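Some notes on the structure that comes next.
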Amino acid sequence: MSRFFKSAAFPILIVVVLAFFAQRLINPGDSGPRYDYSTFQQDLSEGNVKSAVVKTKGNLLEVTLKSPANQKHEVGYVPDNGNTLVGQLERERVAFDIEGTKSNGWLSLLTYVLPFLIFIGFWIFLMNQVQGGGSKVMSFGKSRARRLSVDSPKITFRDVAGADEAVEELHEIKEFLENPKKFQALGARIPKGVLLYGPPGTGKTLLARAVAGEAGVPFFSISGSDFVEMFVGVGASRVRDLFEQAKQNAPCIIFMDEIDAVGRHRGAGMGGGHDEREQTLNQLLVEMDGFEAKDNIIMIAATNRPDILDPALLRPGRFDRQVTVDRPDRKGRSKILEVHTRGKPLAREIDIDALAGQTPGFTGADLANLVNEAALLAARTGKREITQVELEEGIMRVIAGPEKKTRVMSSEERRITAYHEMGHALVGHFLEHADPVHKISVIGRGQALGYTISMPQEDKFLTTRAALGDTMAMTLGGRAAEEIIFGEITTGASNDLEKVTGTAKQMVMRFGMSEKLGPRVFGHDQSQPFLGREFSSQADYSDEIAREIDDEIRRIVETAHQSAKDILTEHRESLVYISEILIKRETIEKDQFEALVDGRTEEEVFGAEASPPPDVPLPPATERGRDTPRPLPRPGLAGGAAEMHFPERPELA
């Protein structure tokens with residue numbers, strides 16, 4: 001019901017109802033049967049008229065009848081017939097009176113004024129609606145910045161973990177706002193702007209909120225997209241209004257989230273030099289450069305895309321200081337987990353540092369989601385504390401999504417998936433530079449039918465050519481296992497091939513790791529599709545070089561593929577034995593996998609109650625019947641195994 005009162009239909013309904021009552025007030029309808037002039041003449045001739053009032057204004061005759069007693073009627077008459085009417089009344093000896101211009105003045109005034117008053121009232125109502133808030137029509141030129149209330153819950157630097165360098169830089173901002181004379185005495189000038197940049201989920205907005213909670217000065221928060229509208233000049237007007245508010249409340253802080261929405265490199269796109277976004281950027285440049293030292297206004301901005309920002313925005317005098325907020329290392333992840341587990345009941349055996357080691361590449365948002373998922377799982381099962389089981393399942397949910405235990409797979413597809421995943425695991429296990437295998441499963445998660453997770457033992461910032469080669473070989477281990485065991489390949493390796501081809505292309509064209517082509521970069525980096533500085537780029541190499549690049553990419557991929565096949569051919573017995581165990585057990589953990597590879601039996605690894613898997617001989621590929629072709633999976637998804645890729649996170653092969 002509240003939605004109806006706020007909708008546009010409500011004022012329209014009010015106007016219709018008021019107009020109806022006004023019409024009824026001005027022209028009230030008669031009740032009873034119609035009384036016409038001929039009926040009046042009949043009553044007059046029969047002597048049934050008791051009295052009459054002749055109203056010259058409106059040409060109406062008010063008649064009072066004898067029977068029914070004192071019943072009154074109004075009837076119109078022709079003005080030219082007035083004298084004749086009066087004569088008839090005199091002849092019939094009817095008492096009558098004549099009313100001239102006398103009338104109800106208030107009613108006449110209301111007749112003319114009421115419609116106008118209704119229109120004025122409706123117009124005022126509309127104006128109040130469109131001017132009521134920052135998002136209304138008549139407020140286009142006003143800034144949409146939200147001022148942080150003093151009474152709102154505060155976030156301090158104590159709530160920020162894993163970004164010590166960024167906290168140190170921003171802590172200096174707080175000190176300047178609290179005690180500017182300390183810096184001015186040494187002739188220091190505080191940075192007018194601080195740009196926070198880094199991957200999504202690393203805590204850039206959280207840092208800005210912490211500054212707001214610590215500084216104790218007015219804090220204005222706005223998004224870059226709030227400046228851009230379809231109307232010309234709105235963005236520039238909002239920028240001016242924002243800085244006017246800031247100057248009136250100095251010292252203060254302005255925080256602009258996702259500044260790349262308005263600060264993109266000028267000249268990009270199809271808008272030309274008079275693009276509305278560019279006019280907004282020009283006004284922002286003028287306002288930032290127009291600061292005076294006494295204003296004590298500091299602007300903090302956050303973005304995931306510093307590479308597309310206009311150089312004029314990043315020059316000294318505007319954003320003097322640029323702070324990188326990167327993914328936390330193991331120590332940082334441990335501190336972040338301590339923050340997010342604060343106040344949550346954890347089991348005694350949980351080791352936060354060990355948990356941080358299991359989450360390489362996780363951002364602060366990922367870790368917060370991990371802990372929340374674990375808490376939800378514990379509550380779902382009726383536990384009173386969060387155990388290691390829920391935390392490990394939370395890691396898997398963040399990486400690959402929830403389990404799909406109800407997904408129905410045929411026995412043939414399940415067998416192919418198991419051998420595919422075991423191919424990844426065995427190749428990764430026997431290669432020196434591949435990341436250790438952490439978990440293997442044929443239980444689907446998300447859109448994948450199975451997965452193999454490999455985790456680095458420590459955070460890595462550089463990768464060698466040998467490590468890239470081993471990683472590609474491990475990625476192709478699933479396809480190699482299908483070829484060796486089944487003599488056939490499936491669509492499950494489609495994403496494997498995509499990842500391997502991309503890595504080989506980077507090695508040749510970006511990293512200079514091709515012995516034939518040498519240390520040289522070819523072409524432009526296409527990994528940033530939103531740069532927008534150029535719609536198309538031309539290759540800076542000849543067709544002959546392009547052919548050599550293709551040959552090198554093919555050679556690198558085939559080398560990795562052959563390496564995977566050689567390893568699996570040598571360890572074919574382990575591939576068959578452990579894959580059959582995986583089909584039966586569905587999931588094999590790291591320690592169990594390593595024990596099985598070392599030659600231990602299933603009973604020794606899983607317990608005495610386990611029986612060895614049945615020895616089911618695999619028929620040659622030429623003797624197996626072919627099933628009816630099935631629809632191909634969507635591009636990039638696994639057809640027979642999990643081929644999910646999360647950059648900077650544990651590898652799923």
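Backbone N, Cα and C define each Cβ position, glycine as well.
Quick look at what Swiss-Prot lists:
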type	residues	note
TOPO_DOM	1-7	topological domain 'Cytoplasmic'
TOPO_DOM	127-653	topological domain 'Cytoplasmic'
BINDING	H420, H424, D496	Zn(2+) binding site
ACT_SITE	E421	active site
REGION	603-653	region 'Disordered'
COMPBIAS	611-620	compositional bias 'Pro residues'
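Summary: among the recorded positions (E421, D496), the fewest other C-beta atoms within 10 A of the C-beta are counted at D496. Across the structure, the residue listed as 'active site' and D496 (Zn(2+) binding site) place their CA atoms 12 angstrom apart. All protein chains shown were included, and the count of other CB atoms within 10 Å of the CB of H424 (Zn(2+) binding site) stands at 34. When secondary structure is read from DSSP and collapsed to three states, D496 (Zn(2+) binding site) falls in the helix class. A simple way to gauge crowding: the CB of H420 (Zn(2+) binding site) has 32 other CB atoms within 10 angstroms, across all the protein chains here.
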